[in-house]
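A.B. asks: Here it is, the structure in full.
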2 protein chains.
Amino acid sequence: MPFFLSEEIITMATGLKVYFCGSIRAGRGDVEIYGRIVEMLGKYGTVLTPFVADPNLTVHSAEEGKAKTDKEIYDRDMSLLEECHAIVAEVTQPSLGVGFELGRGVAMNKKILCLYRPQPEKRLSAMVRGAEKDGFFTTKDYKEEDLPAIFDDFFQNFLRRDRKDSLDWKSYEPM
Amino acid sequence: MPFFLSEEIITMATGLKVYFCGSIRAGRGDVEIYGRIVEMLGKYGTVLTPFVADPNLTVHSAEEGKAKTDKEIYDRDMSLLEECHAIVAEVTQPSLGVGFELGRGVAMNKKILCLYRPQPEKRLSAMVRGAEKDGFFTTKDYKEEDLPAIFDDFFQNFLRRDRKDSLDWKSYEPM
Ligand SMILES: [Ca+2]
């Protein structure tokens, strides 16, 4: 099974598993930036939820990845959330699903990075902005050009202590 | 153990505590229906979050109730969420905050009722629709006229076993 084999090799090489959250049914207006974020996250590890950035996945798609019913989507996503080492959420488009994943992620003590593009007449939820917790929950207001530095900084948290000098993301092992 | 004793007396006096969730910063278009829901919920117990239905509270309000900063809002809401017996969420307007509260509420094993008004071209998040769990998480598609029967049914879950025949909500004690 060449597909799974190669996926496993990637996971073994990169170590870290990242759960990426973005709006699906609340609106797909940011799907292109989700795609660029998922691509950047590939530098640090395996993204467990690449379907979130799939431009073919619309508000009305009958399935997400291989999950067909809402319960299958829910069960799969909660299982991936348990499995991940880090959660990265693009929170500019208000979405119940992203909020839910963040709430569950906080309860699981996951390390979480939220990314927000400030916009006139809009305001980020206090449930995100106020959840700030050193080393566990961070929200960054960003412009796209800031993302490489934001990610390098966030993923430093996952380097083993004896590897803090290393920025060779592809060869490190998560703590 | 006087602490537990007095807590029990308070609970008996005030009855059921309900945490109501609705969109604030993601949009206030449904604030009037939030107001009518909060009024209906008053039949069953004390609503811990009446400010969600306050028409003077806008996306840009500097404060919600007495909380002034986002961290104060977050800490207060998480404390009220711990305190409540039941969560009722109006989920028609996608909102990160409502999603977050639902995620935390599920992790706390709270009993949760979500209310959704189906609309053309819109679709409720799979993180809500797929979270259905008997006796713990229910989503109802509704029209406003359906609400009294939906609430009577949901709050039956909180009647003591020996009081299942009673619909005298104001005098019952939560399980
Ligand atoms: Ca939302």
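The backbone N, Cα and C atoms fix where each Cβ goes, and this holds for glycine too.
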A.B. asks: Among A:E101, A:E144, A:E145, find me the residue TrEMBL lists at the same substrate site as A:Y19, A:F20, A:C21, A:G22, A:S23, A:I24, A:R25, A:Y34, A:S125, A:A126, A:M127.
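C.D. replies: Of the residues offered, the record points to A:E101.
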A.B. asks: Chain B proximity: which binding-site residues among A:Y19, A:C21, A:E101, A:A126 have CB distances under 8 Å? Answer 'none' if there are none.
C.D. replies: A:E101, A:A126
A.B. asks: Is A:A126 (substrate binding site) helix, strand or coil when read with DSSP?
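C.D. replies: Where A:A126 (substrate binding site) sits, the three-state DSSP reduction gives helix.
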A.B. asks: Based on DSSP, name the secondary structure state of A:Y19 (substrate binding site): helix, strand or coil.
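C.D. replies: Assignment for A:Y19 (substrate binding site) reads strand.
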A.B. asks: Taking DSSP as the reference, which of helix, strand or coil describes A:E101 (substrate binding site)?
C.D. replies: helix
A.B. asks: Please give me the CB contact count at 10 A for A:R25 (substrate binding site), counting all chains in the structure.
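C.D. replies: The answer is 22.
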A.B. asks: Among the binding-site residues listed here, A:C21, A:A126, which has the most company in the form of other Cβ atoms within 10 Å of its Cβ?
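C.D. replies: Answer by Cβ density within 10 Å: A:C21.
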